[in-house]
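Features as listed in Swiss-Prot:
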| type | residues | note |
| --- | --- | --- |
| BINDING | Gly37, Pro38, Asn39, Gly40, Ala41, Gly42, Lys43, Thr44 | ATP binding site |
| DOMAIN | 5-237 | domain 'ABC transporter' |
Amino acid sequence: MSELLQAQSLFKSYRRRVVVRDVSVQVATGEVVGLLGPNGAGKTTTFYMMVGLVRPDRGHIFLQQRDITALPMHERARMGLGYLPQEPSVFRQMSAADNVLAVLETLPLSPVERQERQEQLLSELHLHALRDTKGHSLSGGERRRVEIARALAMSPRFILLDEPFAGIDPISVLEIQRLIRDLRARGIGVLITDHNVRETLGICERAYILHDGKVLTAGSPQEIVDDPMVRQVYLGDQFQI
């Protein structure tokens, strides 16, 4: 049975300006969902409320039917909610292998278990050839692979990806899409927010389109593209997947 990450009736205001109004979003394990919209639509604020970076004024976040609205990010992580920020999160002066090990050392594992898990993650993310490469020398796509390996070290049930396609070349985009498919195949639920609409819709089963702080529509990528209102306020008439 699928587990759920749910945002229910979220509201958020800044200086009396409502930026998110009655937004509900749901992600199941084993599916990839997009959270998209034009600038100022409220998608980033909604995303940050689900991550735990921003507290909603009203509404609730549920993880596996437990209300986590008031929990800090590290408690959400322990419950299975992973987060990859847009900004580089690898340690620049540490090797790729040591970046993964740094996360494993926070878990109650024996040295042998840590080493075995480290090698497993390096293998699964095709990082063996980069194991001794320092974080500052990694390309954008390589860095993303290390960051995903670090996130997987916590055995998450859900991973929230903030702008995963930003600042990487077209070949790396394909690699990141493949990695996201691998996450889905593992049964992990993935929520993506990104300004690269075509790349995001190309990997999602469903997407939510926010506009003026509200959910304008939700559906499959093709349903999103075919929606006249979405084309009017966001995609334009010439957009194709």
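Any Cβ shown, glycine's included, is placed from N, Cα and C.
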Let me check the 10 A CB neighbour count of Thr44 (ATP binding site). How many other CB atoms are there?
21
I'd like the number of other C-beta atoms within 10 A of the C-beta of Gly37 (ATP binding site), please.
27
Neighbouring C-beta atoms (10 Å sphere around the C-beta of Gly42 (ATP binding site)):
23
Within 8 Å of the Cβ centroid of the ATP site residues Gly37, Pro38, Asn39, Gly40, Ala41, Gly42, Lys43, Thr44, which other residues of the same chain have their Cβ?
Leu210, His211
For Ala41 (ATP binding site), which residues in the same chain are close in space, meaning a Cβ under 8 Å from its Cβ, but six or more apart along the sequence?
Leu210, His211, Asp212, Gly213
What kind of secondary structure is Thr44 (ATP binding site) part of, going by DSSP in three states?
helix
Count of other CB atoms lying within 10 Å of the CB belonging to Gly40 (ATP binding site):
13
Please compare the binding-site residues Pro38, Lys43 by how many other CB atoms fall within 10 Å of each one's CB, and tell me which has the fewest.
Pro38
Summarise the model confidence on the domain 'ABC transporter' (5-237) as a single mean pLDDT, whole number.
92
